[in-house]
Each structure stands twice: as structure tokens, then as C-alpha cells.
Amino acid sequence: MNLVRSFLAICVMALCLAEPASAQRDPILVPEVSQHEVQVRQGFVGTELLLFGAILDPSGARAGRDYEIVVVLKGPTGAIRVREKERIGGIWINATTTDFRSAPSFFAVASSAPISEIVDERTAAIYELGLGFIQLSPTGTIDPEEQTKFTEGLVDLRQREGLYKEDMGGVQINEQVLYQARISLPSNVQTGTYTAETFAITRGRVIASAIAEVEVRKVGFERFVEVFSQKQAFFYGLIAVFLSIFMGWMAGRVFAMM
Amino acid sequence: MDVYLPIANLSVNGLVIVLLGMITGVLSGLFGVGGGFLTTPLMIFYGIPPTVAAASASTQVTGASVSGVFAHRRRGGVDYRMGTVMVVGGIFGAGIGAILFRWFQAIGQIDIVINVLYVLMLGTIGSLMLKEALQTMLPAEKGISRSVKKRRHHPLVTALPLRWRFYGSGLYISPLAPLILGIVVGILTMLMGVGGGFILVPAMLYILGMNANVVVGTSLFQILFVTIATTMMHALTTRAIDIVLAVLLLLGSVSGAQIGARIAQVARPEILRLVLSSIVLMVALRMLFGLGFRPDEIFTVVSL
């Protein structure tokens, strides 16, 4: 219910905003996310984010043209090393490696139609529209063929972990005004700031884009455990040891009585 | 029952983990092995990051061996002198293991090294145990009692200088032998995330020639202290111990250990040995498959 109300509020807001900006030709995109903060606590099994909003033409309340919408949700990026196994002397060992300076820990794309039908490859590459166009900043091997191989390996691996995904048709557009997309975050997501970028596309051209942020963080006991294990490593270890000795001893006592 | 693991960064089914702990607990109660050789690969297979799995398994093995040590102590089944020598070697070995772990990690072959070690160790010990179990079982079924094998330690052990008396074990040997054994097991504990009982028990029986009554108790005694040391080392270096995961595993394994100890009192030892050797061989074959035929993943990712 709350969601619906905020959704309506945004539509009203967008209508008000649309009025004075009539000199401009490009439409206005008003994005919103169902949750600006995802709390990771005990029992967290992942969550579903609803990314929604409105597209408005400055001249009128309704954007009369046909729009396609692409939503990209991206997690915090980090430097990683990818290794490839090869069969050498009968056993599979790690042979070649390559480094990526900015691999996102999470990357999900949802669109109202297949990306290849909306934009050309160049535009898709500029705006990172699709798993094939993630800007990973590879270092190390310069050979483009090698790079593609590693990129594909990484994308495939993370896709199976549920961290990278593509949903062609995951965005619904109603009356050329309202759009919504659902993207699920699995429980193994990394904490940090996630950015949800929305693109409005007409005739292969991105005509409006807007960003919303989502903060994913650990709270309560989970946050405490993480900080404690980092800051007080020695005591954390001692607690783990005492806990295991105590539980082993207790079990012995309990079973001895039985 | 979904439980979120704060260090492993993912949510798991708590009951599956408790059950996993229970299986290894039963094994530890039955055979005096920690069961880490089974927990660690199964947890990795379940999707828990390998370092977190190995680190948390060492915590679990501590818990599983505590109640075992108490139980064996009550009936005088621990040779403290022998145990202490092995613990000293074990802690030293864990230190060497930590250095090796870092080095293999740096050159990017740690997972291969772990797999090769698993295949070699489990394969050798599994087949030795299987052979032994079958040999004792076959004549027993024909009704012919096999002549009792004379206890004798490996010739290499007698060659070592300096001799101590180990009353509990009924031995007069050089303390260097158990010390070296302790070091080897300590290295493996750190590298493979196992307690090392599956190496210790046969080594104590066949290499040192210890009195069979004290083998399991002394092995558990050594495992207890060496896993405490490795837990601390993991806490300080890898920071990969997930306390929530460890508690779940402990819940299962401490109760499983008690159940295992009860089964051990009634079951026939040769059947037990046959079961253990088949489990060990199965894990070894699974690892060999990944190493020689098809790895689980061609590409692996580490953060820099």
C-alpha cells in the first residue's frame, strides 16, 4: 500500500515539475526505488527491489512518443583477478590469469524489449546496456580474444551465482507514462552503495536518464560480528575456541545423564 | 530454516548445516577422526567460500573432539606424554602450513594443492584401510581366527636418536618420531582444513606401533589442541571464521559425536573400518574427478 501511495505521489510531483520546463524538448524521467536501504540481518534471504517511475514530456502530461525503458542496477565495483584452468599433464591447474580493475559485484539489466532491438551496439556499449557490455577495465592481457574469453568466463560464473543477470522484457510500461521493473537481490550480495540507472530510449537514442541509489548494509548482530572479527581478531578467535569447547563439554554432560 | 552467515556473506539452510555437522560428529565419535575431511569439501560444494569453510571447520573439529577427549580420559585412553609431544609438533606444523598456504595463494594454485593433497592422502589411507578391513573380515566369516599380528613399529622410528618411555602407549622410542608426525599433521590441518585424525590414527598404529587402547584418545587430544591453534591462526590471518556457521556445525557435531561413541560400543569394528574406508575413498574419487576429468569451474575469481 505504501508503495502505491509513494508511486502516486511521484506521479503528481512529476506533473508539477513538468509544467515550467516546457522550453525543453527532451522528456523528463522521474525514477524511484521501493527501498533506499536494504538491511542485511539474521534471516536475510535476499530481497526484491521494485524500480519504478514516470516518463513525461515537457509539453504535456503524457509523453506521446513510444519509449523503451532500460534499467541497470549495479553493485559496488572492485578489482579482481580471474584465473582459467587448463589441463596440463593430465590434471586441471590454474594456467592463465587476467585482472579487471572495476568489476561490479552485482549487475542486473532489465528492459522493456530486447536490447538489440532498442539500440545499436555502440550505444549499448556506452551506457553498459547488457551483460556483454559491462565496463570491466581489464589489465594484463592486451589480446582482445583472450580478454573476451575471460570476460565471458566471469559473466557466466557470476550469472550462475545469481549476481549478474539480464531480463529482456522485465520492464513494463503503462500508457507510455509509468514504468516498473522488479530485480531480485540474492542473499550473497556484497554490501555497499548500489546505483539504479534508468534510460529512456526512442529510435535508438538515449533521450533521458536518471539515477537512484540503494544502500545495502549489514545491521544489528551481523554487523557486530563482521566488525568484531576484523577489529578484535584475537578475542574473536578466543570466543570461537571457548564456544566450541563449551558446546562439546555440554554435549558430553547432557548425554552422560541420558 | 534460513540462516544468514555474516562472514560468508550468504544465507543457508540451517538444518542442512546442522545435519552436515551431525554426520561428521558421528564419524568422529565412531573412529576418532575429526571429520573435517568430509565437512570442508561438502560445505564448499554447498556454496560456502573455501577459506570460510576450512576456517569454520577447524572450530567445529575442536568441539567434536572435546567430548571425545573427556570420554576417553575417563577410561585412561589418553597418553598425555605422547599427546603433548605431538601437540608441540602440530602447532609448529600449523605455522609452517600457514606460510605455505600464503605462498600457494600468491601463485594462484592453492585450490589445486588442496585437491591433490586430498586425493593423495585420502586415496592412500582409504585403500589401506579397505584392504585391512577386508582381510580381517574374510577369514572371520569363514570361522578361522587370524593369528594376532605382532605390534612392531616402523624400522625408521627405531633409527632415530634419543629414547623416551611412553607408558600409556607401551613404547620406548625417540620423541622425534611423534614430533615429526605432529608437524606433518599440523601442516595438513592448516592446508586442508582438517583435523588430521585420519592420518594420525593409522600412523600411530602402524608407524609408531602404539597400544591400540590409547590411539583414539591420544589422537583426539592432539586434534583438540592443534585445531585450537589453527582456529586462532585463522582468526588472526584469514579472518574467515564464521561464528554463526561454526555454531550450527557444532550443534550437529557435538551431539553426533555422542551418538557415534554409543554406536562404537555395539558395532563390530571391522564393519566400522569398512564403512570409514568407503567414505574416505568416495571423497578421494570425487576430488580426483575434479582434478583429472572435469573441474567444477574453469574460471575462478579472487578479489585483489
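Backbone N, Cα and C define each Cβ position, glycine as well.
Beyond the transmembrane segment (B:12-38), the same-chain residues lying 6 or more positions past its ends with a Cβ under 8 Å from any Cβ of the stretch are 1-3, 5, 46-48, 57-58, 60-61, 64-65, 68, 118, 122, 192-198, 201, 215-217, 219-220, 223, 227, 245, 248-264, 267, 272, 276, 279-280, 283. According to TrEMBL, the transmembrane segment annotation covers B:12-38 (among others).
The feature transmembrane segment is assigned by TrEMBL to B:44-71 (among others). Non-local neighbours of the transmembrane segment (B:44-71) in the same chain are 5, 7-10, 12, 16, 20-21, 24-25, 28-29, 32, 34-36, 78, 111, 114, 189, 192-195, 216-217, 220-221, 223-224, 227-228, 230-231, 234-235, 238, 240-243, 245-246, 249-250, 253-254, 256-258, 261; each lies 6+ residues outside the stretch with a CB under 8 Å from one of its CB atoms.
Residues or ranges marked as transmembrane segment in TrEMBL: B:83-104 (among others).
Under the heading transmembrane segment, TrEMBL lists B:116-134 (among others).
TrEMBL lists B:179-207 (among others) with the feature transmembrane segment.
For B:214-237 (among others), the entry in TrEMBL reads transmembrane segment.
Residues annotated as transmembrane segment in TrEMBL: B:243-264 (among others).
Residues annotated as transmembrane segment in TrEMBL: B:271-293 (among others). Proximity of distant same-chain residues to the transmembrane segment (B:271-293), defined by a Cβ-Cβ separation under 8 Å and at least 6 residues beyond the stretch ends, is recorded for 27, 30-31, 33, 37-38, 41, 112, 115-116, 118-119, 122-123, 125-127, 129-130, 132-134, 136-137, 198, 264.
Taking every recorded stretch in B:83-104, B:179-207, B:214-237, B:243-264 and counting its Cβ pairs under 8 Å to the transmembrane segment (B:116-134), the highest total belongs to B:179-207. Long-range neighbours of the transmembrane segment (B:179-207) within the same chain, counting only residues 6 or more positions beyond its ends whose Cβ lies under 8 Å from a Cβ of the stretch, are 28, 31-37, 40, 53-55, 57-58, 61, 65, 85-98, 100-101, 113-114, 117-118, 121-122, 125, 128-129, 153-154, 156-157, 215-216, 218-220, 222-223, 226-227, 229-230, 233, 280. Within the chain, the transmembrane segment (B:214-237) has long-range Cβ neighbours (under 8 A, six or more residues past its boundaries) at 28, 31-34, 54-55, 58-59, 61-62, 65-66, 68-69, 72-73, 77-80, 82-83, 86-87, 90-91, 93-95, 97-98, 102, 168-169, 182, 185-186, 189-190, 195-197, 200-201, 204-205.
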